Amino acid sequence: MASRQPEVPALEASGPLGKMSLPIGIYRRALSYDDTLEDPAPMTPPPSDMGSVPWKPVIPERKYQHLAKVEEGEASLPSPAMTLSSAIDSVDKVPVVKAKATHVIMNSLITKQTQESIQHFERQAGLRDAGYTPHKGLTTEETKYLRVAEALHKLKLQSGEITKEERQPASAQSTPSTTPHSSPKQRSRGWFTSGSSTALPGPNPSTMDSGSGDKDRNLSDKWSLFGPRSLQKYDSGSSTTQAYRGVQKPSPLELIRAQANRMAEDPAALKPPKMDIPVMEGKKQPPRAHNLKPRDLNVLTPTGF
């Protein structure tokens, strides 16, 4: 093209170092801006009387420009410049408002769906008893999940208290009223009970009379969990029950005394018993012959052979 300049040494006088802005000998191709533009017309310097030439600004037809200007309250540009773009923007105005409304609706729907999924997961995992505290940013509509959780928690507490109250007269009725020495406190039976209660799933041991004592004791020994245990005696005078201590463990001093008494009484009792070992009377068993077959010799032979 006519505006393309030949390659010249890059000697510029406008730099801060004068003519030595680039070293001499380094060539730089003068850039033609026409190569990068779609318009093939060459670039010309602006005319000297630029202020007297009437010109219109080129306004790009962007999508939401008119809506943004209306929202910001800016004054619209002159109508001849905005003819095409305002027509396009007026067509696009309704879908923009619709898109904003659907954006708000989708946000609320997504938040609601998230809360429902959280509630469903907590219900499955059994975490609803502790209640659900909403996030600070949640709206008042979503705080109903907190109210639902609290209501469920209170309902469960009330039903639990009712069942406990119903259970107490039933357990009181299950204890026979003709018991001479009844325990002053209702105790729940369990497998591993501590203190006064015995681990007998059968009848109450305090109701057994002395006539059938041996028969009932054998039956309780048969059905008790940890073998025969001494029966519980209740003190009728005091309100506290006597704790079961089992067999008293002897102290080491008592053990030494008992051993000394036993040695003094019968010294032969502490001697170890004699073991009757049959003596071999010179009979030696003949050595057993190996029952080896020729194929087994391959296993016993070292690998070097």
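Keep in mind that glycine also has a Cβ here, set from the backbone N, Cα and C atoms.
Looking at 1-20, 81-100, the range annotated in Swiss-Prot as region 'Disordered' turns out to be 1-20. Feature annotation (Swiss-Prot): of 23-33, 67-77, 122-132, 221-231, the stretch labelled motif 'Flavin-containing monooxygenase motif' is 67-77.
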